[in-house]
Amino acid sequence: MYASKAGFSTGIVTTTRVTHATPAAAYANMLHRDWESVGPSNKRGFHCVDAAAQLLTNASHVNVIMGGGAAEFYGPSDNTTFTMKGKRSDSRNLLQEWKDMQTEMNRKHVLLHTNDEFKRTDWSSVDYVLGLFAPSHLAYQLENQDQPSLAEMTEAAIKVLSRNPKGFLLLVEGGRIDHGNHENRAQYALTETLELEKAVEKALSLVDQQETLLLVTADHSHSYGVVGYPTRNTSVLDVDNTAKVSVNPFPFLSS
């Protein structure tokens, strides 16, 4: 918000839901991070404005928003690209409201849901982009069949934002690194880390490094442990399924 008031273009790119903790912190204020749609707050009697609704009211100035979480923006009966039913219980279709808002403000805008739409977009012809490519989080890269990668979304965002001669502020989150670690899926987490590295490399290749401050950080860490007694030359991503060690196979690399 402050960057926009200063004249910068702004953007948010994530592999999580755009209403998830880190991306939502860029535009929303709420008592609990799980209040991404209208339901959770109302069930507890608070009736606070959810993150998805705040994206329209508080982030109307944000030029580029890309990630997942489309189901937070529409209701169960709304017809959308996705098979998953929407979560909203207030009869609002925030996706349509976003489009209507951009039209009323006479902005060059595009709402994207598929990888084909993403690839067909002429980034030089739009000023505002809302790309929600999954009903919830984007797929892990190891399972990604037809969604833009983090590096691809980063590149697209920079192409839009860098047209502003005053500069831009872009938040890029490789949010599924954390999810892979919490699920004790080391290979998934490590692959997501490499995807973040690709996004950083892409960003560095597109900006003037003498004029751009690029920060890479984490909100917390995860530890790894090599467990069991793997034999020599065993991959750390393999499992120990020898009867001598355990009846049930377990991963050597534990996160």
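Placement of Cβ uses the backbone N, Cα and C atoms for every residue, glycine included.
Here's what TrEMBL has on this protein:
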BINDING   H20, T22, E173  Mg(2+) binding site
BINDING   D178, H182, D219, H220  Zn(2+) binding site
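Feature map: annotations from TrEMBL on the structure.
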residue : record              : Cβ contacts under 8 Å, 6 or more apart
H20     : Mg(2+) binding site : T14, R33, E36, G67, G69, H137, G175
T22     : Mg(2+) binding site : T14, T16, L171, E173, G175, D219
D178    : Zn(2+) binding site : A189, H220, H222
H182    : Zn(2+) binding site : none
With the Zn(2+) site defined by D178, H182, D219, H220, which remaining residues of that chain have Cβ atoms positioned within 8 Å of the Cβ centroid? I177, N181, A218, S221, H222
Which residues, same chain and not among H20, T22, E173, have a CB within 8 angstroms of the centroid of the CB atoms at the recorded Mg(2+) site? T14, T16, A21, P23, A24, A25, G67, G175
Translate the DSSP assignment of E173 (Mg(2+) binding site) into the three-state scheme. strand
Which residue, of the binding-site residues E173, D219, has its CB surrounded by the fewest other CB atoms within 10 A? D219
For H220 (Zn(2+) binding site), the three-state class that DSSP assigns: coil
